[in-house]
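J.: One structure is given below, represented as structure tokens, and several questions about it will come after.
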Amino acid sequence: MIKKIGVLTSGGDAPGMNAAIRGVVRTALGAGLEVFGIYDGYQGLYEDRIKQLDRSSVSDVINRGGTFLGSARFPQFREVEVREKAIENLKKHGIEALVVIGGDGSYMGAKKLTEMGFPCIGLPGTIDNDIAGTDYTIGYLTALNTVIEAIDRLRDTSSSHQRISIVEIMGRHCGDLTLTSAIAGGCEYIITPETGLNMEQLISNIKDGIAKGKKHAIIALTELMMDANKLAKEIESATGRETRATVLGHIQRGGKPTAFDRVLASRMGNYAVHLLMEGHGGRCVGIQKEQLVHHDIIDAIENMKRPVRTDLYKVAEELF
């Protein structure tokens, strides 16, 4: 059985990452394993920023946002020589397996290490909720609450000024965060990678709302789809109603994780250690229908696709 494991966080931070690290560390120590923290993601792995952790290392972190191990984007990890150096550093410390917490880019790094014979377990840590093989990612529901709070505030001022507001929400190529934020925040319109934008229909809907006496409208837009400020100008020109864009940006990644994310992250961290002790490597952890599951990490990246939430889009359409 393995005796030493490492844990790192990579890519964009997400609330609950610290809880996941804590879950890994406390479970491993309780099972008699040694645990090493790799600081600043794959870059720290390459540069040998590796330190042994104990119980006190993860005291009072469960309620903190971000990741105390730090994170960094490190595109050089695509290079074989860089990964070979990383594995050399792991072996120098006697580390036999690695838990990687992050998004799809982090999973790709874990996949590459797995293909080179070093066992890794991936935990889905991203607010985008865009990882295949899991219903929820660590940090997604905390970010949802953050976005809803912002939408509530925008609604107050938009109503006061009879204004149309566009709120740009993170998610990259996945509209889950935008979709659920729009439903929970009572937005009038939604634009995601899954729905696209029918400008003619959008303008028609806004004009219909104005004719019915609506004082404001909130439009939820997934980032990277289009320039939010340009869209605001086009809507204002077409409707005659003042329109402003608000880009929430990185505020969505911060803040204390919700109870759900703390429990989810703790469960996933615990589960990852048990998988490694049972001899499983090259896996990624998810939660599906409230049950923890694990999938082949290569298959998850190359073949598995996240299902489009057609049920929620139907709800959104009927409510808007």
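Glycine is treated like the rest: Cβ placed from N, Cα and C.
Among the features that Swiss-Prot reports, active site, proton acceptor is placed at D128. The annotation ATP binding site is assigned in Swiss-Prot to G12, R73, F74, G103, D104, G105, S106. Annotation comment: Swiss-Prot describes R22, G23, V24, V25, R26, R155, G186, C187, E188, K212, K214, K215, H216 as ADP binding site, evidence class sequence analysis. Look at Swiss-Prot and you will find D104 tagged as Mg(2+) binding site. Positions annotated as substrate binding site by Swiss-Prot: T126, I127, D128, R163, M170, G171, R172, E223, R244, H250, I251, Q252, R253.
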J.: Starting from the Cα of R73 (ATP binding site), work out which of the binding-site residues (R22, V24, K214, H216) are within 10 Å.
T.: none
J.: Just to confirm: which same-chain residues, 6+ apart in sequence, have a Cβ under 8 Å from the Cβ of G105 (ATP binding site)?
T.: S10, G11, R73
J.: Return the single residue from the binding-site residues list (V24, M170, I251) that has the minimum number of other CB atoms within 10 Å.
T.: I251
J.: Compute the C-alpha separation of G103 (ATP binding site) from T126 (substrate binding site), stating it in Å without decimals.
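T.: The Cα atom of G103 (ATP binding site) is 5 Å away from the Cα atom of T126 (substrate binding site).
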J.: Distance between M170 (substrate binding site) and G12 (ATP binding site) at the Cα atoms, whole Å?
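T.: Taking the Cα atoms only, M170 (substrate binding site) lies 11 Å from G12 (ATP binding site).
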J.: What does DSSP assign G186 (ADP binding site), in three states?
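T.: Coil, per DSSP.
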J.: For D128 (active site, proton acceptor), just count the other CB atoms lying within 10 A of its CB, please.
T.: 26
J.: Write down the Cα-Cα distance for G12 (ATP binding site) and R253 (substrate binding site), rounded and given in Å.
T.: 8
J.: Just checking the binding-site residues R26, F74, R172: which sit within 10 A of D128 (active site, proton acceptor), CA to CA?
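T.: Close binding-site residues: R172.
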J.: Measuring Cα to Cα, how far is R26 (ADP binding site) from T126 (substrate binding site) in Å?
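T.: The separation of the Cα atoms works out to 22 Å.
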J.: Would you mind sorting out which of G12, R22, D104, E188, H216 (the binding-site residues) have a C-alpha within 10 A of the one on T126 (substrate binding site)?
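T.: Of G12, R22, D104, E188, H216, within range: G12, D104.
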J.: Cβ-Cβ under 8 Å from R22 (ADP binding site), same chain, 6 or more residues apart: which ones?
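T.: Listed in sequence order, they are V58, V61, I62, S266, G269.
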J.: How long is the line from the C-alpha of R172 (substrate binding site) to the C-alpha of D104 (ATP binding site), rounded to the nearest angstrom?
T.: 12
